Ligand SMILES: Nc1nc2c(ncn2[C@@H]2O[C@H](COP(=O)(O)OP(=O)(O)O)[C@@H](O)[C@H]2O)c(=O)[nH]1
Ligand SMILES: [Mg+2]
């Protein structure tokens, strides 16, 4: 069996449970060593949206469900992180439910962090004060409340405005005297390593709220280390990814529900919009190493951007993308991207190239890849129909990546550009450029403008200069000289063969002049063979036709054509401006 | 069997020395199994994951075993095949509680059985369905079915449920292997 053959799947089907009945969304399944025994577990949230059912936090050991806990609210996101360096290393699991972050350790509830409430509008505060006053006209005060923008109200006021009128008084009296709090639910979450890139290094939870605020928390004390707005306009962070370390330098890349991608760096209080997409963002991953941002859109495309937001490539996919997942392959020192597609398949991309695919029972809703149990390369696929499917990457799979690299590079780039080696001169020059960039740029621009001016002048000069006309293709040049004061002139033409190798022959020169003005001794001159790099001179006598009164006519041009025999198109044409006849000379 | 050992065998010098290869995925209990066969005084109390491989010697019924305890970690499994040529028997240790990786075990077993140094030899293979004490362990019958052992026609094989921590099942398995190797060796001479 040869390694990496295409027809044989690279994935071993380890287990599939169609009756799992899971309802798990992207970023709600993780692989973590929750017991600290090196036996990695699958942790996921099983969401129930029905009012009478509760969402659950489930832990799988291998393929078996070993723990199932009820969650107080609908979870939005799930992370795991190490908060200390105590042995054995046990990571914390954190679930975002509403505006609370529930932290579990050793599978037990451990701590609860609440997102700080934001101030309510003065008008809303005022209305709730008035509700408390005796003989308050609720309907009147409520119209005031309606003048506040709905999304700026607290949850309590929002609910009040949606209640049927008969329930309003009862609802209001329940809360009289209590100022409402406006909290914003956590909508997305990730982790950011604190001071080491290590996989099991201490990391900080990073939360994004509906109102567009990013919080970075201390993983031990759960205090806010840093708080920033996603962007200068209000946007909701739907997907957050991080790179770098909190204590050194980091970047938080945020895909927003409004289809922009923002970046937040160390020390910033407000993120910067990097990319504005026209299509809906389905999922996003950051590729470590290259720092590329790969985005899947609702229009069946994968787009790849640099960390500065320049597009690197776009690749169409076969059907709508449901989720993405990074597949790090340390032994091949590369990263693939698993793309879950509607209809039930998972395609693996190496850069823009699809390198493999594997089936899933139906459309995947969440994908995770990593260590599960003792196996390092496990992909867990949870589908929309609730199936859980475990696949193991074969030890022998290499994805033909060495061949793929060659295919992936555009043909033009396979040849390296003939760039000269960096000389000392070049390096010194670039040093100087770095030192005085403005002056050097200005002087370069000045020289460039000068060069353009010189070129333009030369062009004008050669256009107006009659002495020489040439045909670069035929490599001949014609120059003319007019001798005499008139009415008799001598016209001397010089035809030069500029080609250094070939002689020219079969040429003739034809003169055109108005017979009423000039009379020429010859009108056609047959040019003999001109050897390479030599010239031939010919002479024509021109006599100006004087009127009966002996008055010279206004001077005119004589046109000269250099022709090849038996060809109608001239090879070269020139017109010679004749000087006016000097009447003073005539009179003498 | 190498030329030298054949020669030695005729001369009766190394009459009772046999090589067995102990393979299986990482964490299946190979080192624990091998450790159990060693003399009381040579046994180690704490077993750490094997890096590369380690060589251990032990005796059973007048046969001197040299066991090559191979690391089962993914990146070391390539090493196994280098020892196929010179071994007289294979002990394949399976963690019967690791349901997830049963497919990986099957994949590795298939690669082993298809290897040119193995496929045409009548080499005995002993399977230990280890960790039988774990509560979600699969029975040896289920493991045999999962690995498709019934399809192995050209080699003698045997599966024994075992607990390498207490030694349960190990002796029975090794006795079978000793008998097989003896038969093969005797037939050849
Ligand atoms: N419960 C149980 N644990 C075992 C058994 N055999 C080995 N182990 C444990 O499994 C782990 C791995 O064993 P080890 O011999 O290092 O596996 P190897 O990687 O195949 O050499 C150790 O913690 C052993 O204590 C067994 O039969 N039952
Ligand atoms: Mg070992």
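FYI, residue positions are counted from 1 along the chain as it appears here.
Here the Cβ of each residue, glycine as well, is placed from N, Cα and C on the backbone.
Among the features that TrEMBL reports, GTP binding site is placed at B:24, B:25, B:26, B:27, B:28, B:29, B:30, B:31, B:72, B:130, B:131, B:132, B:133. Of all Cβ atoms in the protein chains displayed, 24 besides its own lie within 10 Å of the Cβ of residue B:31 (Mg(2+) binding site). In this structure, residue B:31 (Mg(2+) binding site) is part of a helix by DSSP.
In three-state terms derived from DSSP, residue B:50 (Mg(2+) binding site) belongs to neither a helical nor a strand segment and is classed as coil. Annotation for residue B:50 (Mg(2+) binding site): same-chain Cβ neighbours under 8 Å, separated by at least 6 residues, are B:30, B:31, B:69, B:70, B:71, B:72. Per TrEMBL, the feature Mg(2+) binding site maps to B:31, B:50.
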What binding-site residues from B:26, B:30, B:31, B:131 have a chain A Cβ less than 8 Å from their own Cβ? B:26
When neighbour density is defined as the number of other C-beta atoms within 10 angstroms of a residue's C-beta, which of the binding-site residues B:30, B:131 has the lowest density? B:131
Kindly point out which of the binding-site residues B:26, B:28, B:131 have a C-beta less than 6 Å from some atom of ligand 2. none
